[in-house]
Amino acid sequence: MSGAALGLEVVVVFFLALFLLHRYGDFRKQQRMVLFGTLLAWYLCFLIVFILPLDVSTTIYKQCIIDHEKHAVTPTVTTVSSNQTTGNATVPPTESIPKACTKPWSYIPNGIMPVFWRVVYWTSQCLTWLLIPFMQSYARSGGFSITSKIKTALIENAIYYGTYLLIFGSLLIYVAVHPEWHLSWYELQTVGITAANTWGLFLLVLLMGYGLVEIPRSYWEASHHGHLLIKTYFKVAKLMTEKADSEENLEDVMEEVRKVSESIKYNHPLRKYIDTVLRKCPVEYQEKMGRNMDDYEDFDDRQNTYPTEKSLAKLHKQVIYAVQRHNRTRVQWQMLLEEAFHLEDVAKNETSSSREFVRSFASAEPPGWFNRYIYTPTVEWYWECMLKQWFYRLLGVVLSLFSVAVVWSECTFFSTKPVLSLFAVFIQLAERDYNYLYIEMACFITIFFLCTCVYSTVFRIRVFNYYYLAPHHQTDAYSLQFSGMLFCRLTPPLCLNFLGLIHMDSAISHQAKEQTAYTSIMGSMKVLPIIANGFYIYYPMLIVILCIATYFSLGTRCLNLLGFQQFMGDNELTSDLIDEGKELLKRERRKRQRIEDGENRRREWRERYGNREQNAARNRNIQQSEMQETNYAETANAGTGRQAKYSRTSSQPERDCIELLEDAEPLDFNADMPSDDPLGAESGRHTGGRYLSMSSSQSRIFDDV
């Protein structure tokens, strides 16, 4: 059973990491090396989080066995209470015998967990400090060959790796020269692990302080549809600005590509690089550049100045970035419009008396069996208009209580007598009864909440346009690898912090207890007492200040003062952007309504006049066959000298039908549409309110009858 539990979690975590990578990455377009590196980093970090509760329960079982062995060696301790003597009668003393140790259902045999943690930890550290930075530079390089990309990546990481080597070499020299320090290889390894965990803990507290406040507040605000809709209007206006900026940037880059493509002809040695750049451009730009290029014109080195391979590599890098940014903003714009339309539909349906959810625009995909039989319009109305907001409020309250418990435990986890950490109290109560299932569930919920606060912040933060995790397969390679690097650096100190909260780390709790296999891999912090007794204990207390700053939105206010547009309810600029978002949404709604009306008119036309068109086609085939038979008869009778005359053998009613079909002309149903309709210009339909036959540029439908 123990091996099955470990194997099941390994498989489940793999599919979880694969699902998240599929949501944010693009399996078809991105490089396999980038996808594999990101998947491996996410998988190892999630694996640590899911396997750690099993390590805790196994350690508690081992501690129980040790206690029983000590009890069997030492004399039996007897206790006599005051109520055990009554008059001359004396009650025999009772023995304090510990309970029998029961093996947990997820027990992992000895020797497996240390090897497992050692492989997982050192693989993740090699990824975050060595491989991923190199792969980031390789993916962002605009080189046209593998050799040039590797060269660019090595040059960009020379300072990065050189700094680490300089620091590490200085420490080695200092340790070697210092007469009182004689560090072994194990102690030196512990110093390196401690340095990496210290850097991770510094960043961990910053991200966790934001997530502990922002996650409960986001669910509480989501329960108020009015506030959420206003915030969505703000996002629409802000994203529209970014979308226009990305389109303008793409136009500038494509113009530069066009100039370079026209200057370098087909027989130029650098033409193959230009073709590589053109393949990364959008299809419509490729067609324009293909029409404007004359491949029959030779190049002349004496008349023109041509770009170098280095400048073309730089242009290639700009094209990749511009196309990625344009596609990302375009997809985000569509997703944000769907969200805004849905919120407006919820606001309209809240006052509906029919208690059935009605959407403004029908879904393009046909409804599945779940929407037909379970999630019906009535069920959707009760969920969207009544139950959802109360569920989010309840969830916000529960998450707020969890956040308060985490903040309190972070400030008091160093106290062992009395035990003030709430999570340590819960684990110790379950440890008395050896309720391993409760221990594992409590550990998993606690560490899962901590990881949610930290990882969600990693997914939310945005460093201009260089780091941004966008869903719907729109995250670039650099951001994917940067997130994997952050996960590998944050997860080990996060797990150590969790073990400190439940008093399973002897370096912090200073208790003579059995250590977990994960703590044994991290090494003893006694090598650096200033870190174990100072930084690891008092630095997490700063999370209180960070939570207060996040609650009052101090970071948002500072960014707003610096010129970055942020959602502030009492700001004039925010009000202007909200009004702009409303107008943009109205325009998009009218545009979609016109498209939907046009589709409905075309569908009605086909249903109304489709049978007549079929009859006309059938009559046309009959006429052609009769004419062929008549021509064959004329050819056969030509030798006899008789004059052959033919006429149509169809009856008079059929000829009348054909004449009516020839005279039938469809009306222009866009007569009541305004003349500035962009859809009419795109589709080429006449909008003057006349018959189509009166327009010289239009051809009649039944001209070929």
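From the backbone N, Cα and C atoms, a Cβ is placed for every residue, glycine too.
Record features, source TrEMBL:
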TRANSMEM  6-22  transmembrane segment
TRANSMEM  34-52  transmembrane segment
TRANSMEM  119-138  transmembrane segment
TRANSMEM  158-177  transmembrane segment
TRANSMEM  189-213  transmembrane segment
COILED    236-263  coiled coil
TRANSMEM  390-416  transmembrane segment
TRANSMEM  436-458  transmembrane segment
TRANSMEM  535-554  transmembrane segment
COMPBIAS  634-652  compositional bias 'Polar residues'
REGION    634-705  region 'Disordered'
COMPBIAS  693-705  compositional bias 'Polar residues'
**Message:** Under 8 angstroms for C-beta pairs, at least 3 of them, ignoring pairs fewer than 6 apart in sequence. Is the transmembrane segment (390-416) in contact with the transmembrane segment (6-22) by that rule?
**Reply:** no
**Prompt:** For the transmembrane segment (34-52), which stretch among 119-138, 158-177, 189-213, 436-458, 535-554 has the most Cβ pairs under 8 A?
**Reply:** 119-138
**Complete:** Comparing 119-138, 158-177, 436-458 for Cβ pairs under 8 Å with the transmembrane segment (189-213), the winner is 436-458
**Message:** If we skip the immediate neighbours and take only residues 6+ beyond the ends of the coiled coil (236-263), which ones have a Cβ under 8 Å from one of its Cβ atoms?
**Reply:** 274, 277-278, 281-282, 285, 288-289, 292-293, 304, 306-307, 312, 315, 318-319, 322-323, 325-326, 328-330, 332-333, 336-337, 340, 565, 577-578, 580-581, 584-585
**Request:** Could you pull out which residues elsewhere in the chain have a CB under 8 Å from any CB of the transmembrane segment (158-177), counting only those six or more residues past its ends?
**Result:** 129, 133, 183, 188, 191
